[in-house]
Amino acid sequence: MQTWSLVSISVLLAVLVRWGVSLNSYSGAGNPPMFGDYEAQRHWQEVTYNLPLQQWYFNTSDNDLNYWGLDYPPLTAYHSWLCAYVANILNPDWVELHRSRGYESPAHKLFMRITVLVTDVLIYIPAVVLYCLYLTDGSAKRRVSILLSILLYPGLILIDYGHFQYNGVSLGFALWGVLALGLGWNSLGSLAFSLALNYKQMELYHALPFFCYLLGKCIKAGLIGRGFILLVKITATVLVTFGLCWLPFLPDPSQVLQVVRRIFPVARGLFEDKVANTWCSLNTVIKIRSILTSDSQLYLSLAFTLLAALPSSIKLLMKPTFWNFKLALVNTSLAFFLFSYQVHEKSILLAALPVCLLLNEFPLMCIWFLQASTFSMLPLFLKDGLLVPYTVAFLGFPFLTVYLLSALDDCSEDELKLGTCGKLFSFLPKMHLACIMKWKFYVSMALMAVLSVVSVAMDPPPHLPDLFPVLMSTTAFMHFLGVFLNFNIVQFMDPPRKKSRKKNN
Amino acid sequence: MAALAESWSWFTALAVGVSLFKCLFINAYHSTDFEVHRNWLAITYSLPLSRWYHENSSEWTLDYPPLFAWLERGLAQAARRWDGDMLRLDNLNYASPATVLFQRLSVVCTDLLFIYAARECCRCVRVQKAPQDVLSRPSFVLAVLLLWNFGLLIVDHIHFQYNGFLFGFLLLSVARHLQSRHLQGALLFAVLLNLKHIFLYVAPAYGIFLLRSYCFTLDRPDGSIRWSSFAPLRLLALGGIVVSIFALSFGPFVAMGQLSQVVSRLFPFRRGLCHAYWAPNAWALYSGADKALAALGVRLKLLQGAELPRAAMTGGLVQEVQHAVLPSVPPAATLLCTLVGILPALVSIWCRRRGNRAFLRCLLLCALASFLFGWHVHEKAILLAVLPLSILAVESREDARIFLVLATTGHYSLFPLLFTPAEMIIKVCLMLMFTIYSFTALGNLHRSQGSLLRPMEVAYLLGLVAVAISCEFVFPLSPWRQKLPFLPLLVTSVYCALGVSYSFLRLYATLLRSDDKHKQL
């Protein structure tokens, strides 16, 4: 079979699965007065379309910031305006100021779902296709398998097409950045990543590796020679991109300050709900929020985050290879997720994207992580009425990817990548270790399945109402921490030798 | 042996994948067939057997044979625990989320039989030498063509019906015949007939084939029948199986003296020549010609526009049709045309002992002939030809060619089934996916002798793309939308009817040509 036909079939399948999920409910459906993220996105369309740009981020009589006020960077606002423009042509009721608040109808749902699909088809999916075709080793079949696995990662699909968000845009831009850097187009890469940052501030999770990789490259090329020119080019690209994105706000410094204040709400607290990161998991033992002041919480989390991200960043700065870059993306985004301030459960998607890029090298580890990340968002999905698609994803994704990437056959190879660290276990026979990995995988899958079933089917005991969410977030946290440690170790071991993969099936 | 077992892991992956894929469409649009089956659940659960075929409080009366009613009764036992309200007879148009989930999952689960049947079919595929690459194995291609069949997916899992389960019986029975396990094949087919009587269309192929190849054990040297080799025991066994299945199914109704009532429900001849949407068959061509002649007549002042019968053919409700210019077609004429259509195929397999493949070919011709000439044909009936043809398509180049034309036109003619905007993306993407796969995979299988399709066929299929774009996207925006609302349906069925008729003729040619080959040998 020709590669083009396999690729187009995979893309079509990915679109179909996305659309199938989007037939389900969305966050806050029929749930006044606040509704959910769906209403937030619709409200942003209403605000950006009807108000002058100077009022977008300010609390005015026409713009109540307490009701889903705009708190994403300008690119998101422009995107909302564009969607609103189309919406106004189709049906002005959808974006009418004040009157459209809480508007819901099947036609409007269809419109909103299509806007997500359009951005995905334009930005995210092409980036994944190109990445798999150009930056992945292996046979054509292997590359298509990776492609299909990345495109069918359920976490992103369920959040974007079920819950309702536009993560595909920011992640897609970030992936375009990775792609461009991998192909050696440094300026284009920094352009794409700047766009990602200007779409969603959470992309800061990925900023450190981009910065270190590019800086490291400049240093390697010689800071007084070609490296300097490169540095100037990259800096100029970033500044110009940012300047253009922020252009309408620049004339008035108070505007800029207000946007920044909206984007980084430090007053919200160390964590919300039950998120699978360190602080929330520690909270079951030590009540940090009642011990420390809000300021010291902020500094504490900042210090821990930087400390956790530091090793892989330094390694990347010293040795700016693409391989290190990918690993640093995983390690840094996970460090941010695990330790930073005000983390949402959806932020795990930022770590999931770079993990997807390592599917080819560490199939088992990555599938494991991706499954755990989908699992960690289950409380959210249950709230949104997405149990059926979640069940399909929970069963289908590991089954399909383990089959496609023959992950369970390769897991002895995983140990090879651990290099010298693997020698610590050298007193065990090799087969034995692969076997342990396999069993750990099965046990963890079973644990997640049992927890999913229990939290859906059983009522928690009355004196412990949060028992299941806490259990789930702690379980997911363990997985994330394990993956974080694993990939840090991998990064500090030797780079992988170029093995000629003999795939004969 | 272990290696052989392992090499089927791809089949499991395909089957699990498609089953989960089907579950994604639980909340998609469903047609009135959903309510039909809910009503049948209620009828079979809450009424005694004697009332099943008399009940008419809903317009969707029970019009499938008794075994299907028993299946509904079995499902109702499970439904009782799920959401008992769906089993109340007066609860018309009840579609709670639990009911939707239950009914959709019941289709996905009964499809397991289809998956098993597909596997049996894949094991029947003849190959000279299995290639190393899984993707280019004929059995793999066949599995995808069957399990991921576009028509079956949208008709069963979006539109809502139990065709997968029924085709499971048909394919399993075909597979048994290909494996020369004729008694089992006959048993399965008898059960199938009592599940849905539309399969009567292919019954002649079964009857003639079994009589000829099973009941007569020997041939003359020239391949024609040797009358003395008749094996009465075999005929008795066959007859016993068929009669006992029918007795099991219809016996209780005969005992209650309700046979005529059941039969009148099963064969409602009051319905019109063409179904609500025109199936792409000979009558679509005929009606299309009638419309064209009428328009031409009005233009040339030969006919008075006001005198013409109203163009009520696609009014949605099933009703009688009057043609404007050409003579109207009575049911008997359609029956006659169908018989004439299948006769040469039946004669061909009677005159000479032919392999099991010829039986499959004859079955296909019966299905296609009845589709082309039958009375009140549903466009969904094209699956009756597309699915079994998949088996032949992976084995021979000529059949692959026919398959590509027939599957593409037949599947495209299913498009009007899904008309809601949200399902538009699904039908377009799924159709593209299946079509791209079937073209590249079959092309790859038969790549040794150049491209599969002739230039004419390529041009025809490209024309289909043009028709699709103009009907689905251009027409809704054009001013004709108000004046001629049925135009896209007309164009679609007339254009597709050409492809279906062409495939029918080509398929006949392959059967008769292989006849010649036998003569020469």
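Here the Cβ of each residue, glycine as well, is placed from N, Cα and C on the backbone.
Keep in mind that TrEMBL annotations are predicted by a computer and have not been checked by a curator.
Lifted from TrEMBL, the feature list:
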type: TRANSMEM; residues: B:134-155; note: transmembrane segment
type: TRANSMEM; residues: B:198-215; note: transmembrane segment
type: TRANSMEM; residues: B:235-255; note: transmembrane segment
type: TRANSMEM; residues: B:332-351; note: transmembrane segment
type: TRANSMEM; residues: B:358-375; note: transmembrane segment
type: TRANSMEM; residues: B:425-446; note: transmembrane segment
type: TRANSMEM; residues: B:458-480; note: transmembrane segment
type: TRANSMEM; residues: B:486-509; note: transmembrane segment
With a Cβ cut-off under 8 Å, give me the same-chain residues at least six positions beyond the ends of the transmembrane segment (B:332-351) that come close to it.
204-205, 208-209, 212-213, 224-225, 273, 282-283, 358-359, 361-362, 365-366, 369-370, 372-375, 504, 508, 511-512, 515
Top Cβ-contact partner of the transmembrane segment (B:358-375) among B:134-155, B:425-446, B:458-480, B:486-509 (pairs under 8 Å):
B:486-509
Which residues, given as numbers and ranges, are at least 6 beyond the ends of the transmembrane segment (B:486-509) yet have a Cβ under 8 Å from it?
277-282, 284-285, 288, 291, 311, 313-314, 341, 344-345, 361, 364-365, 368-369, 371-372, 379, 382, 389, 398-399, 401-402, 405-406, 408-410, 412-413, 415-416, 460-461, 463-464, 467, 470-472, 475, 480
For the transmembrane segment (B:458-480), could you work out the same-chain residues 6 or more beyond its ends whose Cβ comes under 8 Å from its Cβ atoms?
404-405, 408-409, 412, 415, 424, 428, 487-488, 491-492, 495-496, 498-499, 502
